[in-house]
């Protein structure tokens, strides 16, 4: 990849960082949003559901409708919509207006970084280009959420969206003057994509994503209030805890890829989700111990995100000739899982207790394990090394 193309890829990575931060930051400032808007934690948690649901449902449709549009032009339109949503979130008062802004943000976010990174990379470097852009989303969890929490504490939570809007506007200017015009692709009809669900192995493969990430989302959506009210973490330490949590997710993701290569998909997928369940249960049992809670959070984040690259590879091998479409469907499924998980979390926070979310989340991940074992039992075990051979 040439130097000229490399820094363009990093521009897109920064954009993906902004998009990721806008979504993930809610879990870091949920308590402040609820207090300022005068709503319950459960109602504030609905924001995750709304964002993820709009993202999941609108992105495939919008990408199909805009497939033939010049990629740079589409990028500018989508990023402009995203910035507009952040501006509205910053300036408009009230919960209803914030939901409207949130929907606009989600629609723009879902389209922003799709396909363009691979197109501006030189031939043979598309994979590393996409990995770099995806790294921006990872960085939003590691840096964006704790930094957003710090800004929210110092200047108020709305200032976070003002900052994202400003940075997004700067990114639009840079993209306009630097990224090349790139032709769109021939669209894959939505009906053809949906037809893949008729295949049992595809439906079960995507259901692993749904239950794994749905279970994670039940607990993660309410992580800040949970740590403050159940685990007994001091509010002044919360930003640092979220930073460490994010770093552990990066390490877990890297390990997931390494483990898949060395020991195969079944071991990595089932092993990671088993540890995921154990840590969620332990989190409910350990309270008012900063070191104890922190260690469990590190293991939870490590285990949860080790599943990501493994599941992506697993899906790509189910239908190799349609791997691109499957991975795109998986992205929508991830957002749908986040939406449903946050919604279920809301129900239990509102009607049972905040402390119940770790047990509900663990149940979701358990279903994902059972689904995985069913798939692996019905087909020959296969590792990355076997496939490459």
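A Cβ is built for glycine as well, from the same backbone N, Cα and C atoms used for every other residue.
Regional average pLDDT for the domain 'Major facilitator superfamily (MFS) profile' (8-380) in the model is 85. TrEMBL lists 8-380 with the feature domain 'Major facilitator superfamily (MFS) profile'.
The transmembrane segment annotation in TrEMBL covers 9-30 (among others).
The transmembrane segment feature in TrEMBL is assigned to 36-62 (among others).
Positions annotated as transmembrane segment by TrEMBL: 74-92 (among others). Residues 15, 18-19, 22, 66, 98, 100-112, 116, 158-159, 161-162, 164-165, 168-169, 171-172, 175-176, 179, 184 of the same chain lie 6+ residues outside the transmembrane segment (74-92) yet bring a C-beta within less than 8 angstroms of a C-beta in it.
What TrEMBL lists as transmembrane segment is 98-117 (among others).
The feature transmembrane segment is assigned by TrEMBL to 129-148 (among others).
Residues annotated as transmembrane segment in TrEMBL: 160-181 (among others).
Nonlocal intrachain contacts for the transmembrane segment (202-220), taken as residues 6+ away from its ends with a CB within less than 8 angstroms of a stretch CB, comprise 27, 48, 52, 196, 226, 269, 273, 276, 280, 283, 304, 307, 311, 314-315, 318-319, 326, 329-330, 333-334, 336-342, 344-345, 348, 357-358, 360-368, 371-372, 374-375. According to TrEMBL, the feature transmembrane segment maps to 202-220 (among others).
According to TrEMBL, the feature transmembrane segment maps to 226-251 (among others).
Within the chain carrying the transmembrane segment (263-283), a Cβ under 8 angstroms from the stretch's Cβ atoms is held by residues 208, 212, 215-216, 219, 231, 252, 256, 293, 296-297, 299-300, 302-304, 306-307, 310-311, 313-314, 317, 358-359, 361-362, 365-366, 368-369, 372-373, 376, 381-386, all 6 or more beyond its ends. Annotated transmembrane segment per TrEMBL: 263-283 (among others), in sequence order.
Per TrEMBL, the feature transmembrane segment maps to 289-305 (among others).
TrEMBL lists 356-376 (among others) with the feature transmembrane segment.
By the count of Cβ pairs under 8 Å, the stretch nearest in packing to the transmembrane segment (9-30) among 36-62, 160-181, 289-305, 356-376 is 160-181. The transmembrane segment (226-251) and the transmembrane segment (36-62) are not in contact, since fewer than 3 Cβ pairs between them lie under 8 Å (pairs 6 or more apart in sequence).
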